[in-house]
Amino acid sequence: MKVSVIGAGNVGATTVQRLAELDIADVVMLDIVEGLPQGKALDIAQAAPIMGYDVDVTGSNDYADISDSDIVVITAGIARKPGMDRDDLLATNIKITQDVCANIMQHSPEAIIMMVTNPLDVVTYAAIQCTDLERGRIFGMSGLLDSGRFASFIAKEISCSVRDVNAMVLGGHGDSMVPLPEYTTVSGIPLPEIMEKDAMDRIVRRTINAGAEIVGHLKTGSAFYAPSAAIASMTEAILKDTKRIVPASVYLNGEYGLDDVCLGVPVKLGRNGAEEIIELRLTEEQTRELHKSAETVRSGISKI
Ligand SMILES: NC(=O)C1=CN([C@@H]2O[C@H](COP(=O)(O)OP(=O)(O)OC[C@H]3O[C@@H](n4cnc5c(N)ncnc54)[C@H](O)[C@@H]3O)[C@@H](O)[C@H]2O)C=CC1
Ligand SMILES: O=C([O-])CC(=O)C(=O)O
């Protein structure tokens, strides 16, 4: 099997490292900067005998090298700095995404595409417009990351193992995201039964702001360890056809009462990508929040 990662920056290179360590597919890392993907790929390949993985890791500036990929992950684009919103990246990253998608269509048209570049939901919509892939074969990673952050804050708050927390965050990957405490459990126990409302509200707010919190610390860019973990985990679910259910940004065609927009909702991941959209029974308030989030994404889409 073969996975190509476009963009050899923080998210791209860390994703390649994680994928290599999973030992599930050969990996090609591509970037426009000459030498960058080659150097990082060599470094990761030289860790193979020490870490014990057998897959090939190569770096390239030539799209011919991504041919016959099973999955292409797109991380190419600029990242935000303190004081910026993800939407501030739109103009630059849409152009990059259009260029990258045209190249993928030329060199690996059968691949499943996972978008990562921000602003995630708008960029995913733009990528869908540039490709003629079946729905489900192109989607964005964000909800698994946001849910992971939510789960990590919950585990810290109640001092329990993160392994027992199963969190759910829907909506756009931005300030309008919709963490769902009612669909979040700790060892099967619904979160509202074991956490005070004040604490829950505080953790929800921190989850929504989690990307910006890291940007504020790093100053030079944004998060990449947890994002790459989410990408690698989703890639593994697809390659191994595990049918994991995780939130991801997909094109909605009537689901949740929404049309012609990309938004984070639970999907089933398998060999054909996001194979099924799961429709949760939301309360009126949750539905209102999800629709508000869709409006925010739509306003970005109108600027493409
Ligand atoms: N969906 C999500 O949850 C997350 C999304 N992101 C987004 O991922 C993107 C990448 O972030 P980082 O890796 O931290 O940035 P980075 O700046 O470290 O790396 C970006 C890489 O893209 C490359 N690039 C730019 N234009 C290109 C093109 N036309 N073709 C190929 N490569 C190109 C650059 O040379 C650079 O190496 C950003 O837009 C960031 O906002 C980051 C974290 C989470
Ligand atoms: O905050 C950012 O710009 C990067 C990102 O999407 C995240 O870490 O959630």
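Including glycine, each Cβ sits where the backbone N, Cα and C put it.
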Point to revise | NAD(+) binding, same site as G7, A8, G9, N10, V11, G12, D31, V116, T117, N118 - TrEMBL member from N93, N103 | key: N93
Check your understanding: In Å, rounded, how far does the Cα of R80 (substrate binding site) sit from the Cα of N118 (NAD(+) binding site)?
Key -> 9
**Study point:** Cβ neighbour count within 10 Å of R80 (substrate binding site)
**Key:** 18
Study note, to complete from the structure: In chain order, residues whose C-beta lies under 8 angstroms from the C-beta of R86 (substrate binding site), counting only those at least six residues away in the same chain, are R80, N118, P119, L120, H173, G174, G211
Check your understanding: Max Cα-Cα distance in Å among R80, R86, N118, R149, the residues listed as binding substrate?
Key -> 19
Check your understanding: Do you know offhand how many angstrom separate V116 (NAD(+) binding site) and R149 (substrate binding site) by C-alpha?
Key -> 17
Revision key, fill the gap. Sorting the binding-site residues V11, D31, R80, V116, R149 by sequence and keeping only those with a Cβ under 6 Å from ligand 2 gives R80
